[in-house]
Amino acid sequence: MATQNNKTATILATIGTVFWCIQLIPQIWKNYRRKSTDGFPVSMMILWSAAGVFYGMYFIAQSSDIALQVQPQIFTALCLITWAQCLYYGNGYSARKAIAFLFLSSIIGAGLQVAAAIPTRNSPHYKSDPSPYYWPILMLGIFAAVCLAGGLVPPYFELAKHHGQAIGISLIFLSIDATGALLSFASLWFPQDKADGSTGYRDYVGMVIYLVDPLMEAGIVLTHFVWWLRIGRHKEKTTHDEEHALKESKVGGDRELSASRQSEG
């Protein structure tokens, strides 16, 4: 049963990692296409970048499934790229300064993970009883969850400013991100084997980390949907009617001009 747990956890975590490899790409593409990050709060990426570093520390320290160790690295890299876009499009940074910031932040984040995770994993206390509830690891998990949840608070302020409409946030990004988080959550339901072959601890802290994300993102999507029901669909109908009227007016004008030319001839 323990071996089956490992296989199931690895499959779910790997699929979740695939989703998290591409989660922010729709947002990055949207920012690039708009040449703007208006409506997309930079504070979200600041907090998520910090969450990614704590994620990395948390899972590396526990020697979790390799997919769960790789996942925070990709997550943090995408967050830093999006943060650099915010600096470039929204804060007037030059491309060179934004790229320099990206590389420097990546180096600092990697250094912090190594400095915190390796000593924690090799500590005598943790080696004698590997548990996600060992207090340094528990604190890393709590910090990650707080930063992740905190990063999803600023978008609600943006929604409030625009009467519930998600102006700068890609809903595709939110959907992919939530799916990856739920798959990773499911993978933690199957604990990894201990060195003696027995089943390890179920990581409830990690589950909370992954569950916070989709719950708060669901609130953003729901708020935008309510806006669409109240305002958005009527705007779309009005725009469609105006475009149709303009097209009919143009066709009518062309007919009148053609008739006028024929009569002159």
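Each position is counted from 1, following the chain as shown.
Note: Cβ is positioned from N, Cα and C throughout, glycine not excepted.
Since this is a predicted model, take the numbers as computed values, not measurements.
Annotated in TrEMBL:
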- 12-29: transmembrane segment (TRANSMEM)
- 41-61: transmembrane segment (TRANSMEM)
- 73-91: transmembrane segment (TRANSMEM)
- 98-118: transmembrane segment (TRANSMEM)
- 133-154: transmembrane segment (TRANSMEM)
- 166-188: transmembrane segment (TRANSMEM)
- 208-229: transmembrane segment (TRANSMEM)
- 239-265: region 'Disordered' (REGION)
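Contact between the transmembrane segment (98-118) and the transmembrane segment (41-61) is supported by 3 or more Cβ pairs under 8 Å, counting only residues 6 or more apart in sequence. Listed stretches 12-29, 133-154, 208-229 were compared with the transmembrane segment (41-61); the greatest number of C-beta pairs under 8 angstroms is found for 133-154. As a quick check, the transmembrane segment (208-229) and the transmembrane segment (73-91) miss the bar of 3 or more Cβ pairs under 8 A, pairs 6 or more apart, so the two do not touch. Residues 17, 20-21, 23-25, 27-28, 31-32, 35-38, 40, 42, 45-46, 48-49, 52-53, 55-56, 97-99, 101-102, 105-106, 109 of the same chain, all 6+ positions outside the transmembrane segment (73-91), place their C-beta atoms under 8 angstroms from a C-beta of that stretch. With a threshold of 8 Å between CB atoms, the same-chain residues lying at least 6 positions outside the transmembrane segment (133-154) that come near it are 41, 43-48, 50-51, 54-55, 57-58, 61-62, 116, 120, 123, 125-126, 201, 205-206, 208-209, 212-213, 216-217, 220.
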